[in-house]
Amino acid sequence: MAQISLTFPDGKAREFPAGITPAEVAASISTSLGKKAISASVDGRHYDLQWPIETDAKIAIHTMADEAQALELIRHDLAHIMARAVQELWPDVKVTIGPVVANGWYYDFDREETFTPEDLGAIEKRMKEIINAREAVKTELWERARAIGYYEERGEPFKVELVQAIPEDQSIRMYWHGGWQDLCRGPHLQHTGQVPADAFKLMSVAGAYWRGDSANKQLQRIYGVAFKTRDELKAYLHMLEEAAKRDHRKLGREMELFHLQEEAPGMVFWHPNGWQIYRTLEDYMRGRLRQAGYKEIRTPQVVDRKLWEASGHWEAYKENMFIVEVEEEHAKEKRINALKPMNCPCHVQVYNQGLKSYRDLPLRLAEFGSCHRYESSGSMHGLMRVRGFVQDDAHIFCTEDQIESECAAFIELLSSVYKDLGFDSFEIKLSTRPEVRIGSDEAWDKVETALENAIRKVGAAYEIDPGEGAFYGPKLDFKLTDAIGRKWQCGTFQVDPNLPTRLGAEYIGEDGAKHRPYMLHRAILGSFERFIGILIENYAGKLPFWLAPRQVVVASIVSDADPYVAEVVAALRARGVRAEADTRNEKINYKVREHSVGKVPVILAIGMQEVEARSVSVRRLGETRTESMGLDQVVDQLAADARIPG
């Protein structure tokens with residue numbers, strides 16, 4: 001029998017018969033590993049323990065201790081177990097697809113009746129019975145005709161369509177347990193009992209069109225979440241409860257920040273309070289960019305298709321653009337424009353005005369650029385996913401030798417900004433060259449090394465995401481962690497030699513010849529709309545004093561105190577504090593409750609005692625005690641707190 005060489009993570013290699021399975025490899029290492037093994041990685045591919053290995057390869061055996069692989073298998077198996085449970089409870093239901101998604105999985109079903117909360121409970125119960133039965137999970141490769149016949153016989157039209165879409169020369173992998181079979185690429189666990197029965201929960205039912213096309217039949221999508229332990233599930237459910245309390249849409253209403261409506265889907269109507277947050281954040285970012293050597297520009301929102309064709313965006317992105325056709329006077333044809341979905345091609349146009357020398361580089365151009373992208377109605381979510389948004393966008397035009405220093409400076413700026421905004425930790429992911437790419441390996445080596453050196457220079461930790469860079473260059477993604485442990489990808493840093501070439505950007509080098517600059521796309525917040533949503537949820541509406549839209553309310557206890565209330569408000573406003581008077585004929589406790597719901601950080605209560613002493617009674621948001629302070633003292637303190645950082 002032919003032999004193959006398998007190389008293990010420690011670098012050691014062993015000979016095995018061709019066709020050996022990872023399960024057999026694990027058992028050959030130790031009885032214990034053979035029992036604990038759940039899957040393998042073979043040449044970087046996640047591999048089922050039952051699949052044969054036919055050629056030399058690098059191999060790693062995975063156990064439940066390997067978080068990523070274990071969760072993928074648990075969630076994938078639960079998708080199959082749920083589909084089986086549904087069909088055992090309601091045999092007429094048709095199954096479609098059930099992938100793993102963040103924190104869990106979903107499966108789409110074709111059923112006449114709507115799934116109810118009681119149905120979800122029954123499905124969960126049957127799933128636990130299947131898990132506790134510890135049934136073996138088996139797999140086979142079938143010929144295409146056999147798979148089609150199998151599903152046609154069982155009246156599963158969606159599965160027939162899926163099989164028919166697979167190339168004719170490919171075999172079909174089938175998995176089954178307990179007599180229930182499903183078409184699947186795998187891998188899976190070895191028996192249903194390996195799935196933790198107390199660490200999953202069915203969460204919700206939603207509508208979904210077959211293959212995501214509204215012209216197709218609408219299905220019912222059941223979502224589930226799953227973890228390795230019951231405690232992890234409980235922690236996740238607690239986080240969801242906290243997230244519901246912090247929902248920026250709910251707080252946006254309570255704080256009178258913004259609204260959205262059907263006449264302008266995905267476009268934000270900012271109210272005075274919300275617009276104040278927006279403008280304060282913009283002023284803060286403008287100051288930080290100015291300090292970092294950026295020059296602010298403004299570019300058009302409506303741009304002729306010719307520029308988008310030249311940049312390559314028309315071909316790749318047209319479906320997500322808002323197209324505007326205009327009948328120009330004396331023109332034979334309509335002019336086709338688009339609302340810009342991104343700012344980068346316009347920034348190259350600014351760069352291209354006038355001859356540039358190497359002495360002009362790096363040139364950092366920043367814009368709070370309004371962009372519009374068509375997002376499907378089902379994907380939009382408050383401020384987090386909109387069609388009209390503003391990016392804190394900037395592009396750095398530089399030489400290859402300047403990439404490392406510019407990247408390091410950007411990471412330091414991003415870190416400082418996140419810290420000012422209350423996010424002390426973030427993750428960096430470096431996405432490296434994909435298989436399909438432009439440029440030489442030598443050029444990729446230089447740029448990837450420059451990014452790694454920049455990260456190390458600032459002392460940051462990072463992970464590498466192999467092959468996930470753009471076809472023209474590597475990129476960095478920055479994920480911050482909020483108060484309840486959720487991660488948000490906001491910042492980006494993308495190296496791009498392609499767009500300057502497409503749009504004719506040049507500079508004169510030290511040698512007197514023309515050269516192409518590198519273009520570094522970078523953002524810190526991502527979009528103002530989404531980042532404000534993140535801020536609201538991170539702080540549960542209790543924004544830092546400098547960022548709060550209404551910083552102080554000065555509330556009268558008796559009407560005779562109204563003149564002094566006006567004096568206090570005027571003194572605060574003169575020092576840059578956003579202060580309002582509340583002299584309504586209402587009890588002070590009512591006023592305090594109302595402004596606390598509105599998340600006003602400081603309420604100054606004033607009665608005749610405060611008038612006579614020229615003092616104020618200070619109540620801070622979330623505290624029950626009050627503090628008496630002199631007028632000058634409180635004005636000085638609040639004026640200092642109101643200053644924008646940086």
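Just so it is clear, glycine is given a Cβ too, placed from its N, Cα and C backbone atoms.
A quick note: this is a predicted structure, and the numbers were derived from the prediction, not measured.
Taken from Swiss-Prot, the feature domain 'TGS' applies to 1-63, supported by sequence analysis. Under the heading region 'Catalytic', Swiss-Prot lists 247-544, citing sequence analysis as support. Here Swiss-Prot flags C344, H395, H521 as Zn(2+) binding site.
Sorting each residue of the domain 'TGS' (1-63) by its DSSP state yields 14 helix, 25 strand, 24 coil. Cβ neighbour count for H395 (Zn(2+) binding site) (all protein chains, 10 Å cutoff from its Cβ): 28. Long-range Cβ proximity for H521 (Zn(2+) binding site), meaning a same-chain Cβ under 8 A and a gap of 6 or more residues, is found for C344, D393, H395, T492, F493, Q494, D496. The Cβ centroid of C344, H395, H521 marks the Zn(2+) site; residues of that chain outside this set whose Cβ lies within 8 Å of it are M342, N343, H347, D393, A394, Q494, D496, L499, M519, L520, R522, given in sequence order.
Computed over the region 'Catalytic' (247-544), the whole-number mean pLDDT of the model equals 95. Cβ neighbour count for C344 (Zn(2+) binding site) (all protein chains, 10 Å cutoff from its Cβ): 20.
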